[in-house]
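Residues or ranges marked as transmembrane segment by TrEMBL: B:42-61, B:68-92, B:98-116, B:123-143, B:196-219, B:250-268, B:304-324, B:330-349.
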Amino acid sequence: MTEPVLSAKNLTKRYGKVTALDNCDFELYPGEILAVIGDNGAGKSTLIKALSGAVTADEGEIYVEGKQVRFASPNDGREAGIETVYQTLAMSPALSITDNMFMGREIRKKGWMGKLLRQLDRKAMEDFARQKLSDLGLMTIQNISQPVETLSGGQRQGVAVARAAAFGSKVIILDEPTAALGVKESRRVLELIQDVKKRGIPIILISHNMPHVFELADRIHVHRLGRRLCVIDPKEYSMSDAVAFMTGAKEPDGPRAA
Amino acid sequence: MSQDDAYEDVVKTRREESFASFESRQKGLLHKVHDVLHGNPALVPLIVLLASIAVFGLLLGSRFFSPFALTLILQQVQIVGIVAAAQSLIILTAGIDLSVGAITVFSSVVMGQFAFRYGIPPSIAVVCGLGFGTLCGALNGLLVSKMKLPPFIVTLGTWQIILASNYLYSRNETIRSQDIEASAPILQFMGTRFEVAGAVFTIGVVFMILLMLGLAWALKNTAWGRHVYAVGDDAEAAALSGVNVHRTLMSVYMLGGLICGFAGWALIGRLGSVSPTSAYEANIESITAVVIGGISLFGGRGSILGALFGALIVGVFSLGLRLLGADAQWTYFFIGVLIIVAVAVDQWIRKVSA
């Protein structure tokens, strides 16, 4: 068996008396799209945050390409090549699209203005942002320097996805990437996910949209009550099976299907 | 998938598209004004400033509209202007600093007492005063950023603590201007005057203007500046997208403290003496300048140049009304009106579509 790109063992996270993750295991293999499904409150978001560095698990280990890592902040995750689109999108509404895309990894001007005065290279950043948005088919954005708050919900989501796709080098995590999108934008995001997969970068996709999950995913991680219930192959199970597993209406046959 | 589910097929094929563009339809004047203001938040206070200079100029003629009188305003607002720069930075991060006045006066006392009580060389005493201001800012920053206490409460506390320590440490003594002039003239350096064609400037005034321009540039053109705005806008989102919120907040509060230290130095230049009871009004005046300058108290929005214009507006009103022979209370009356108008205009500009 090949080595997982990103894996976790026995992750546990408690918030006061609430146990969000309960000895959860996780594996993501090279080049695959892994969907994570589960009911509300099952701990999907906490799992994602632990893997991206936004929260630090109380117990358990995380491995990137076999090497154990410890993420104390989202920046640690980003440095390890893990890029995340959070459900909240994590954008600053008053700042421009470009500013948001480059937040925390701004490009400085070449020469003394950049070295000494740390001046940003606005043009390079804007060109890059424009390129990424047009790759995503987000053509309804009129001005790259307009504040994010003037965008529609779908456009904001598109910008967030474009940001992750542009910078993710090892793993891209998408938390409900199509939840706020229109039909056309969702389709672009799904295409983009496949594009990214073709580039060989594995993707973790959290979604409630079963048709999208079954269309894209190579494997489906079913999350229930803070842990991995089972991993299923979408070709062998139906959508209603998956829903039955995640809601607890049906128990998986083996200890680990697929 | 059944046939009915194939509704997405039409969008599966990609078509060549270019970025959307619209003929800007014949917009009303109000819309255009709104557009411009939305992009340049410091424009409103600038217009108010120019308008008030014009009105007082018409009313008072050359008594007001002279290089001497106009630069007198600059000298009168220099302390508040410098402190307002610190206040703006902190308010941009959705904080507020009630201790700026206390830090300013204690820094000036440290400079004076270090030089006179301990006989430290005056230039080193100045550096100590600046360092002390930075340290006070760091204390505020730690309490806000590490302990996660609300900035209002933190600085309400440190305001009292610093001010009380200031009186205790200085034993309420004033260091006389003549003594400073005789043995430590560098303490008065910021008050050094020079004249350009009837206009009188001091080093403190020049410092205030350069400080404001420098900060405005840095806020717009460096990653640090963008992070300050992002933290003020939504600290959690900023953290998730890779901003070191703690470091940004610490840098802002420490820089704020350092700027207050400089304000303390400028205060000695302005007064000539070191007095532990001075600058008590710098707190509220700096917040007033920031608000009139169109910087949102909720953080993340506004331009620091607005605070400079805000401070100048207050200066123009107080000098203008004084020259008109009006009761000083009218100044406060109009400042109050301006604050409310400024916030109302800010709300209007904030709306994406007017």
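Using N, Cα and C of the backbone, Cβ positions are placed for all residues, glycine too.
Listed by sequence, the residues of this chain that lie at least six past the ends of the transmembrane segment (B:42-61) yet keep a Cβ under 8 A from its Cβ atoms are 36, 70, 292-294, 302-303, 305-306, 309-310, 312-313, 316-317, 319-320, 323-324, 338, 342, 345, 349. Sequence-distant neighbours of the transmembrane segment (B:330-349) (same chain, 6+ residues past either end, Cβ-Cβ under 8 Å): 34, 37-38, 41, 44-45, 48, 288, 291-294, 296, 310, 313-314, 317-318, 321-322. Beyond the ends of the transmembrane segment (B:196-219), by six or more residues, the same chain brings 66-68, 70-72, 74-75, 77-79, 81-82, 85, 88-89, 92, 189-190, 225, 228-229, 259, 262, 266, 269-270, 303-305, 307-308 to within a C-beta distance below 8 angstroms of the stretch. Highest Cβ pair count under 8 Å relative to the transmembrane segment (B:250-268), across stretches B:68-92, B:98-116, B:123-143, B:304-324: B:123-143. In terms of C-beta pairs under 8 Å, the stretch of B:68-92, B:98-116, B:304-324 lying closest in packing to the transmembrane segment (B:123-143) is B:98-116.
Non-local neighbours of the transmembrane segment (B:304-324) in the same chain are 41-42, 44-46, 48-49, 52-53, 55-56, 59-60, 63-64, 69, 72-74, 76-77, 80-81, 84-85, 87-89, 92, 208-209, 212-213, 215-216, 219, 285-286, 288-295, 330-331, 334-335, 338, 342; each lies 6+ residues outside the stretch with a CB under 8 Å from one of its CB atoms.
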